[in-house]
Amino acid sequence: MDDLRDVGEPVDETELAIEGALRPTSLAEFVGQHKVRGQLQLLLDAARIQQRSPDHILMSGPPGLGKTTLAMIVAHESGRPLRLSSGPAIQHAGDLAALLSSLTPGEVLFIDEVHRMARSAEEMLYLAMEDFRIDIMVGKGAGATSIPLDLAPFTLVGATTRSGLLPNPLRDRFGFTAHLEFYEPAELERVVERSAAMLGVDLPVSARAEIARRSRGTPRIANRLLRRVRDYAVVHGGGADAAAVAAALELYDVDAIGLDRLDRAVLDAIVHRFRGGPVGLSTLAVAVGEEAETIESVVEPYLVRIGFLGRTPRGRIATPEAYAHLGVAHADGALRFDDL
Ligand SMILES: Nc1ncnc2c1ncn2[C@@H]1O[C@H](COP(=O)(O)OP(=O)(O)O)[C@@H](O)[C@H]1O
Ligand SMILES: [Mg+2]
C-alpha cells in the first residue's frame, strides 16, 4: 500500500518517528479545531485549579485529524505521565486489569481504537472509569469469586474513528467527547508551513497552498504530501515549488482536489457499476476490493463532507457534484426510473 493512500497510523519506523517529531506538544501549537481546543482548555484548567485528574475524554473523528496528538497534549499540559495502549491489544479483561492496576496516581491512559476492545474488558472499564475500582474474577465455575481492587485515579483518553460502535454505557462515562472535524485549507497551510520549517524545506507560498488544497482536510496527509514533494525536489534538483507539488502528486495518484485512488475507485464504482446508487456498503466494498470498515471510516467521511457522496437508508449514492468531478454526465432520469 503506498503511503499517501494509507491514512491510518504509520507502520513504518521512520514514518512513525517523523510523525512523532512533527506533533505539536501544546494546545497553543495545535492548529485549527477551534472549538475542541477551547473545550479541552477549559477542562484542563478546571482540573488544575481543583487539583484533580481531568475528566475522561473521548476523541472522535476520521484518521489523521489529531486524536493521538491531542491525547499527548492532554498529558503534557496537565503535567501527567502518559501510558499508551490500544483496543486491539486488550483482548481479555485480564489485559485491562493488568494495565489499570499498574497505573500511577493521576496517570493519563490513552486507549487508541477504543471501539476494538474485548467486550469483557469494556464492562470492566465502566466500573474503573466511574469508581476507580475493578472486580477481579478468581477461579472458575462454582468456586469462582470476585475480588474488588481499588485503582489509583486516572484519566482515560479514548480515541475512535467509529464512535457509533461504542456501547452507550461506555460512551456515557466519558466526561467530554471531542469531535474532530476536517481542516480548512487555510488551517492546513499553517500545518504545512510549520512542518516545512521543522523539516528544513524551503516551500514557496503557492506550493504550500497547493499541498493544503490537496490533503483531504487531513494534517497527516498534508505532512506526507510535503515529504513526497521534498523527495521530488531532492531527486530532481529543483525547488519544492508548485510544479514539484503537481508532479509529485500526480506520481502518487492524488488528483486536483486531493482525492486518492481509493476515493476515486469508490465514486467510480457507484457511478458506473451501480448507476449512481443507492448501493449497500458491503456490496460497494466488494466492488472496490476493500474492507467495508475502511470505506466507511476512511473514504466516506471526506466524500460526504465535500458533498460527493450521500448516505441514504437504502445505500450510498453519488451526487451530481461527483459526476461532474469524474467528467460523467449525470444520469438523473435513469436513476429516477430505476427507483420506481
Ligand atoms: N491540529 C494539528 N496541528 C498540527 N499538526 C497536526 C494537527 N493534527 C494532526 N497533526 C499532525 O498530523 C499527524 C497525525 O496526527 P494524529 O494525532 O496521529 O492523528 P489521529 O490520531 O487522529 O489519526 C501528526 O504527525 C500530527 O503532527
Ligand atoms: Mg492516532
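Each residue, glycine too, has its Cβ placed from N, Cα and C.
Shown in sequence order, R194, S195, M198, L199, N223 are the residues of the chain, 6+ apart in sequence, with a C-beta less than 8 angstroms from the C-beta of L22 (ATP binding site). Reduced to three states, the DSSP call for L22 (ATP binding site) is helix. Annotation comment: TrEMBL describes L22, R23, G64, K67, T68, T69, E130, D131, F132, R173, Y183, R220 as ATP binding site.
If you look up TrEMBL, you'll see 53-184 marked as domain 'AAA+ ATPase'.
Residues or ranges marked as Mg(2+) binding site in TrEMBL: T68. A simple way to gauge crowding: the CB of T68 (ATP binding site) has 21 other CB atoms within 10 angstroms, across all the protein chains here.
What TrEMBL lists as region 'Head domain (RuvB-H)' is 256-340.
The Cβ of R316 (DNA binding site) has I270, G277, P278, V279, G280, L281, L284, E300, L309, G310 as same-chain neighbours under 8 Å, each 6 or more residues away in sequence. Annotation comment: TrEMBL describes R311, R316 as DNA binding site.
Close to ligand 1, meaning a Cβ under 6 Å from one of its atoms, are these of the binding-site residues T68, Y183, R311, R316: T68. Under the DSSP three-state reduction, G64 (ATP binding site) is assigned to coil, being neither helix nor strand. The secondary structure of R316 (DNA binding site), as reduced to three states from DSSP, is extended strand. In the shown protein chains, 12 other C-beta atoms lie within 10 A of the C-beta of E130 (ATP binding site).
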